[in-house]
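What follows is a short report on a single structure.
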């Protein structure tokens, strides 16, 4: 205030002293002195809102007949995300060369070159003088994220069936093709990486014809890396993929495709509007939970969140609520939303089912003092992935930790990487286990995910009718020269052969029914080793089968180390038990008393190792001829060892568990 008064006083005195000039200010003062460049927040927001409104006006003029929702179907690492980048550049959503894998938001996705979370982007494209609104959904290719894939397909009218020209059709191409075919999607065959020296387009096209019975005469040959022929894709999408069906005048019917957590806005939902319209201020209700919310904002991904006034039937976009949805468990993927008051007039969309965890691990902090940090890290990651189940558990050996459930082994590995890299967590992860079903004689059925809850031998004899384990139908593709080795591997893992087909003279598709427990025990690594890396694997659930499964425990001086117990098939208990005791012995320090390490199934010991104690030479000071004194001292030492064994606790360092649990 004082400064403003001084300026006013100076201006009044200066004008009183000087004659008033008739010249304009820009002639009196040089341009650089007269104008001070500045940028205000209000000005920036006004410019942003003006750009958004221009975009919104252009979208509002496009009827639903000129909407196209499509995705890319491919095996992992066949170039989906790179092709998505080229399409975004082609439609002006991003600048050429400005980013790589725009739709891969997670660090782990960029590091591994895989897509984990389904992402979407809206594009505007002018074709024959008319604007088209295109929604591209980049889906994961790996089997663990099949739920993400199937939900994404439900939002689409068609798909680009992308095949690597050098590698040809592979297992996940086959699995994802049938998933897309079952959803009734229009498929456009596309060959990628045709610029590679190893590319063989004719062989790849022949595989597509024989495997999928597709007409490949109009297949588009592209290079996502260089942009070769990518410009042909969008006109083909417009001409061949049908427009979504919907009516914006009907009551709202909206599918929840995905969700993620924002610190400031709560849970943000990725949605596909089938009928009606949604805008900020509307009150909506979930069919799965019955909970009601007020909409705070709606918008499209362009490629980041871009607010809009309304989302219409046929559009894919995001919404968040005000007050925000704070618990990500409320966002049930595949759920249907409608406006409050229309619940009885709207049919929920079919196909909603909760994702089921099929692989379980226990996670403990390397240092017990870091449990709170691990808990915070796990909770933050679970906010963005509702398919992970979390239960607290405690181990005598490792202290407090968590029992985590995942969709598959890659899902587990990605979560572990994110814990270590994004949150700096130092953790111990136990080997993965799968759930088992216990059918009791009274008809009660219990699913067990923690080996600690597995019934003991006496209960199994007296109360249990049967035990079951989950099976999967595995699809393997590989060159026929490795057929013998692959069949041998599958048989060694208790597999049951179903079909064997040649989809080219040298390529085989083999289908085997395998126990899921065998699959998570590094089956894929062994398969890659048997085929020099040429095999691909995909699988789907195949129900439960009666099995002779047992609980294998590690005992140290007859005390169970609960953290490493596993449920295994009886035929593998002895082999695995020998591996356990041998490996554990390497990492446990010698102590003043004997340490006995055993692997046990119930009361039966299947393997044993002994760590001898340190021994003091009590005879060092005795005369050689003093036999009676020698015997007396040795007996005394033996009695002392018995007392020490009775009261001594084996102290096992965390580093021993870390080394034992590492592969």
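Cβ coordinates are placed from backbone N, Cα and C, and glycine is handled just like the others.
If you check Swiss-Prot, you get these features:
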type	residues	note
TRANSIT	1-51	transit peptide
DOMAIN	65-245	domain 'tr-type G'
BINDING	74-81, 138-142, 192-195	GTP binding site
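Here the features listed in Swiss-Prot are placed on the structure.
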{"residue": "74", "record": "GTP binding site", "Cβ neighbours (10 Å)": "27"}
{"residue": "77", "record": "GTP binding site", "Cβ neighbours (10 Å)": "17"}
{"residue": "80", "record": "GTP binding site", "Cβ neighbours (10 Å)": "26"}
{"residue": "194", "record": "GTP binding site", "Cβ neighbours (10 Å)": "19"}
So what's the average pLDDT for the domain 'tr-type G' (65-245)?
81
Three-class DSSP secondary structure - residue 77 (GTP binding site):
coil
